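Database features (TrEMBL):
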- CYS276: active site (ACT_SITE)
- HIS334: active site (ACT_SITE)
- ASP357: active site (ACT_SITE)
- ASN397, ASP399, GLU445, GLU450: Ca(2+) binding site (BINDING)
- 268-360: domain 'Transglutaminase-like' (DOMAIN)
- 463-489: region 'Disordered' (REGION)
Amino acid sequence: AGLELSVTDFQSSRNNMRHHTEEITFDHLIVRRGQAFNITLYFRNRGFEPDLDNIIFVAETGPMPDLAKGTRAVFSLAGRHSPSPWMASLETNKASSLEVSLCAPPMAPVGQYLLKVHIDSFQGSVTAYQLGKFILLFNPWCSEDAVFLDSEPQRQEYVMNDYGFIYQGNKNWIRPCPWNYGQFEENIIDICLELLDKSLHFKNDPAKDCALRGSPVYISRVVCAMINSNDDNGVLNGKWSENFSDGTNPAEWTGSVAILKQWHATGCQPVHYGQCWVFAAIMCTVMRCLGIPTRVITNFDSGHDTDGNLIIDEYYDITGRILENKKDTVWNFHVWNECWMARKDLPPGYGGWQVLDSTPQERSNGMFCCGPASVRAIKEGEVDLNYDTAFVFSMVNADCVCWLVHGGKEQRLHRDTRSVGNFISTKSIRSDERDDITENYKYEEGSPQERQVFLKALQKLKTSKSRGHYQADSPSSKPMPRRLNSPSLRPSDVIQVSLKFQLLDPPNMGQDIRFVLLALNMSLQFKDLRVNLSAQSLLHNGSPLPPFWQDTAFIRLLPEEAKTHPCQISYSQYSQHLSTDKLIRISALVEEKSSPEKILVNKIITLVYPTIIINVLGAAIVKQPLSVQVIFSNPLSEQVEDCVLTVEGSGLFRKQQRVFIGVLKPQHRASITLKTVPFKSGQRQIQANLRS
């Protein structure tokens, strides 16, 4: 009689352990390509007889499985010749069961598969059975996979770690912000696969899209475009202005899980609102979940150069106030991702870490996504290599030119070759420290190689522009006022005065800001200085708000004399003018009586909130109750209302905890204790945020 199948055991628990997916689930089979997994077939009427029975497996993915496209595979047990790169081999053959080892090729498309079997018994007819569904992921443990990463500590950090730190603040005050990536939380893998199916690529040509899902270069571009909602029903809606009343202020998110689950629950409607670090954190969650090694990168003083000339123009008026420039800006920090992959589409040597930036800034091949751009190509100035390398090069390497706008004319103040791209940061492996990876992106500022690479990049951009190839689509800008020729020397070299701002105290929220302007006369002449001081709030993307404090000072310097001019901005002066980013830019425009030149100095201050203290009371043991104490305070001399505390942590809390605190009295310190039952072992992080 023909061999009849009764039941199949996918051995999910054992296979998922071997394939590093046990953190996701034990209930369903989730395996990685290029690595074998075992299943057991149980028969109803007799055992498998190799001479009589031919077992053929069929694996299919996508809505239109196709052998030629690689989305359908037909392969038989070893020994029977099949052209398929998928493999099946016999492990153990028992009286009424058969254990089989299956293996997907290391370049197979990732996604959900349906596994079927055809049993051809030579006495009887062919019978076909559906065995069930499984998910196939990228495999950084497999040397043949394009995302192979040859370091277990790095794989543990960049694929398996479900928490991290995202660096914010400014270059003088770098602040680690904890984040719950939660890539192994319940339903997240299904949401990640849904995200691929909602992309415009899938909607336009589902068969082609599914066939290309074996390529990390392709998948990373698709995911990058789907994180923002600019062209599609992507996950997050970006907003950089002040009013977030119809959504969540980007600064209040502490993890990706709540955002992805909200997107899924609302039928894939974009979640309001995100800014760069939220976009990058969501991208990190999705890529780690799919098996592509990913890390989150912060670049301090990040250039946004829309016209591809590698120059960021900043405009000031005579009071030292920075003027809004719709075209070029310097973000006090910008956050993107690096994903690890081979680049067969580029010349040798440009694989490894690739920049992907899902914050919608410029279009790339008609869509809001950026990358993958090879980090090595950025360092070497190879800005013509795919994708969007020129735009990323400008974010870390553009020169900054400051202009004084006065009486309808522009006077160039100075060109700064060092101000853009500082302290490029990511979380270390094996620790919670910050790694500075600036040297991966550029040669040391001021070194001959750095200028050489800059000029090489500029030349390549000019060449591609003359052919009409520049990648960023920039809107036409209005003609600027007539520019005055200016000396190549920096004004401070001409006037020979050195100026610098220095804070006297940490800039704590609710307290007055005390600082000095240090002036040093480096010449043997007297110097009479007129100093126009101003302070204004900045948005995170560099856009200025109107000044709220201005002052004028007159400083007389003897030859080689140093003086300090004290300044103070009271809390009452700045409290009503702060942006949600809590950034203040102080600037001084300095004129010297005997010289037409002017000097500009500025400093960005990030106001500091008191930290939230989290105490875990007792030992954290899986399935045992645990108490967590959260201590927080109001630093202001006025009460704050509608306070809400959010607390989350993968493996500790099954969902984000929201506690309504209500009113916090002036200078008041309070605490709350939450109870939970940990459900996953290993190192865990708790994230907490207080808003009012």
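From the backbone N, Cα and C atoms, a Cβ is placed for every residue, glycine too.
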Notebook entry, point to check: Want to know which recorded positions, from CYS276, GLU445, GLU450, are within 10 Å of ASP357 (active site) at Cα; which are they?
Noted result: CYS276
Note to self: Please identify which of ASP357, ASP399, GLU445, GLU450 has the densest Cβ environment, defined as other Cβ atoms within 10 Å, among these recorded positions.
What the structure shows: ASP357
Next item on the list: Determine, to the nearest whole angstrom, how far the Cα atom of GLU450 (Ca(2+) binding site) is from the Cα atom of HIS334 (active site).
Entry: 22
Notebook entry, point to check: For ASN397 (Ca(2+) binding site), which residues of its chain lie six or more apart in sequence with Cβ-Cβ distance below 8 Å?
Noted result: GLY303, LEU310, ILE378, VAL420, GLY421, TYR441, LYS442, VAL453, PHE454, ALA457
Next item on the list: Take the C-alpha atoms of HIS334 (active site) and CYS276 (active site) and report the distance between them in angstrom, rounded.
Entry: 6
Item checked: Overall pLDDT for the domain 'Transglutaminase-like' (268-360), taken as the rounded mean -> 94
Item checked: Near-site residues: Ca(2+), ref ASN397, ASP399, GLU445, GLU450, CB cutoff 8 A to centroid -> ALA398, THR417, ARG418, VAL420, GLY421, LYS442, ARG451, PHE454
Checklist line | ASP399 (Ca(2+) binding site) to CYS276 (active site) - Cα separation in whole Å | finding: 22
Next item on the list: Would you kindly give the Cα-Cα distance separating GLU445 (Ca(2+) binding site) and CYS276 (active site), rounded to the nearest Å?
Entry: 26
